[in-house]
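Novice: Features from Swiss-Prot:
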BINDING   ARG23, GLU80, LYS120, LYS454  (6S)-5-formyl-5,6,7,8-tetrahydrofolate binding site
DOMAIN    216-377  domain 'TrmE-type G'
BINDING   226-231, 245-251, 270-273, 358-360  GTP binding site
BINDING   ASN226, THR245, ILE247, THR250  K(+) binding site
BINDING   SER230, THR251  Mg(2+) binding site
Amino acid sequence: MHSTDTIVAQATPPGRGGVGILRVSGPKAAVVAQTILGKVPKPRYADYLPFRNEDNSVLDQGIALFFPNPNSFTGEDVLELQGHGGPIILDLLLKRILQIPGIRIAKPGEFSERAFLNDKLDLAQAEAIADLIDASSEQAARSAINSLQGAFSSHINEMVESLTNLRIYVEAAIDFPDEEIDFLSDGVIEGKLNTVISQLDDVRTQARQGSLLREGMKVVIAGRPNAGKSSLLNALAGREAAIVTDIAGTTRDVLREHIHIDGMPLHIIDTAGLREASDEVERIGIERAWQEIEQADRVLFMVDSTTTEATTPEEIWPEFMARLPSTLPVTVIRNKSDLTGEPAEITSQGDYPMIRLSARDGMGIELLRSHLKEAMGFNSNTEGGFLARRRHLQALNTAAEHLQQGYQQLVYAKSGELLAEELRLAQQALSEITGEFTSDDLLGRIFSSFCIGK
């Protein structure tokens, strides 16, 4: 057990509802039960009881559940009081519980943090709880459930076990240098190392899919005024999210829409038309547009095809391309093909994909949807997949770098000591995902992002 105090919080969302739940965890959970209920319910059995105030008057009535340690979510004694979901009733009951000495309000994510600290789940599973609550699509929810049930962690634990065994073999090579068999050159270590590298590559691929499901893709629509940017936003969103007129400069601020393409979250951002600003309001809008462009995963460069026959971005607008970050992916959208008679199609112009479409009548929109999925490497078949966060990707990439460095030390430098160190660092990076090696500061940041009752 890592804590001696007892915490309480509302486990259901704020507001009115049919049921409201208060959760208590810690060594005084049984004291709370005795005080509020007049008894400690039989473990893991639902008991319908009155919830009593200090003067023995009834505050509410409902179901009480008691889970003695270690067989509870947090690994501590846990009491759940399930009453009516009125905010006044729940607040009165919460105040009554807080009158009991040694009880305090839980910090955000503290229940999950205690479950982690008491080895009821690892850090990746704890994060999956928050991801399940925040899931924005059915696929994201399924993947979060998989993570909660240990799908991600099992991959990590398997690789950590493989690295442990490999380190033992390498240490043997270091400790017995005079053996007839040259451990570093017999091919066994290289074969084992390649197996772990291959395992890690597979997990990184799955993790990138999981990150897409969780984080989504930020796409910024940019171009000159009246190119059809807002019409494209509306076409992708499937509703009139932006005002569309023939007047150039109608959009003066950033507009955001959140949609899904076969389960992939897509954050679409419509920006003000880029030109020399005619007033201060438009200038601010254009500056905000550039801020969004520079933070995008991909830019849809909108071109009014009735105004130019040029197809490469540098020909169409050299000043725009000169300001773009060189690593930022760009897709050219030649809009208004309904007016030019151009067929809806996707081609490439140099390094840039180009899509001819009509945002107004929807022609070519499905081509764009498919292109965005393909550009991000998204696979809608995520059976057995898991969600991943940016910190997970960073840890996996760090581990991959150390394994590649280790391979160089093995094959070219023939250095067992340096190989052993790279294997240790790779193992440490992987263990940060499940929380085996994680700083208290990182734990605080992770769990503080949870809701209060989790």
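Cβ coordinates come from backbone N, Cα and C, glycine included.
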Novice: Calculate the per-residue pLDDT averaged over the domain 'TrmE-type G' (216-377) and state the result as an integer.
Specialist: 82
Novice: Spatially, which candidate from the binding-site residues ARG23, GLU80, LYS120, ALA359 is nearest to SER230 (Mg(2+) binding site), comparing Cα atoms?
Specialist: ALA359
Novice: CB neighbours of SER230 (Mg(2+) binding site) within 10 A?
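Specialist: Around the Cβ of SER230 (Mg(2+) binding site), 24 other Cβ atoms lie within 10 Å.
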Novice: Under a three-state reading of DSSP, tell me whether GLU80 ((6S)-5-formyl-5,6,7,8-tetrahydrofolate binding site) is helix, strand or coil.
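Specialist: Strand, per DSSP.
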Novice: Which one of the binding-site residues (ARG23, LYS120, LYS229) has its C-beta surrounded by the most other C-beta atoms within 10 angstroms?
Specialist: LYS229
Novice: With every protein chain in view, how many other Cβ atoms are within 10 Å of the Cβ of ASN226 (GTP binding site)?
Specialist: 19
Novice: Roughly how many Å separate the Cα of LYS120 ((6S)-5-formyl-5,6,7,8-tetrahydrofolate binding site) from that of ASN226 (GTP binding site), to the nearest whole number?
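Specialist: Each residue's Cα considered, LYS120 ((6S)-5-formyl-5,6,7,8-tetrahydrofolate binding site) and ASN226 (GTP binding site) end up 57 Å apart.
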Novice: Work out the three-state DSSP category of LYS120 ((6S)-5-formyl-5,6,7,8-tetrahydrofolate binding site).
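Specialist: Its secondary structure by DSSP: coil.
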Novice: Just counting, how many other CB atoms are there within 10 A of the CB of ALA359 (GTP binding site)?
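Specialist: Its Cβ shell of radius 10 Å holds 27 other Cβ atoms.
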Novice: Taking the Cα atoms as reference points, how far is LYS229 (GTP binding site) from ARG23 ((6S)-5-formyl-5,6,7,8-tetrahydrofolate binding site) in Å?
Specialist: 49
